[in-house]
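What follows is one structure encoded as structure tokens, with my remarks underneath.
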Amino acid sequence: MKTLLLTLVVLTIACLDLGYTKTCFNDDLTNPKTTELCRHSVYFCFKNSWIAGGVERIERGCSLTCPDIKYNGKYIYCCTRDNCNA
């Protein structure tokens, strides 16, 4: 009986995947790239890029939603895998 209970507990923990946290790149133009651990409920990594004053600007990080706004030449990319916003 104890073996069955232990097996059920192990399977429950494995199925819930407790403690998983998404990681996303969070730098601007630094090299090497740095990462951040996103909050538990965050599903997206994002990358915003645009031209300002003739220089390309880049912003990366974690996001709760995937913004679909592209205005004034701003490009927004979202993804759901770890470190996919390179």
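For all residues, glycine too, the Cβ spot is worked out from N, Cα and C.
Copied over from Swiss-Prot, here are the features:
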| type | residues | note |
| --- | --- | --- |
| DISULFID | C24-C45 | disulfide bond |
| DISULFID | C38-C62 | disulfide bond |
| DISULFID | C66-C78 | disulfide bond |
| DISULFID | C79-C84 | disulfide bond |
| SIGNAL | 1-21 | signal peptide |
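Locations of recorded Swiss-Prot features on the structure.
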residue: C24; record: disulfide bond; Cβ within 10 Å: 24
residue: C38; record: disulfide bond; Cβ within 10 Å: 20
residue: C45; record: disulfide bond; Cβ within 10 Å: 28
residue: C62; record: disulfide bond; Cβ within 10 Å: 21
residue: C66; record: disulfide bond; Cβ within 10 Å: 14
residue: C78; record: disulfide bond; Cβ within 10 Å: 17
residue: C79; record: disulfide bond; Cβ within 10 Å: 15
residue: C84; record: disulfide bond; Cβ within 10 Å: 17
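Within 10 Å of C38 (disulfide bond), judged by CA to CA distance, lies none of the disulfide-bonded residues C78, C79, C84. Taking CA atoms as the reference points, C66 (disulfide bond) and C79 (disulfide bond) are 8 Å apart. A Cα-Cα distance of 11 Å separates C24 (disulfide bond) from C78 (disulfide bond).
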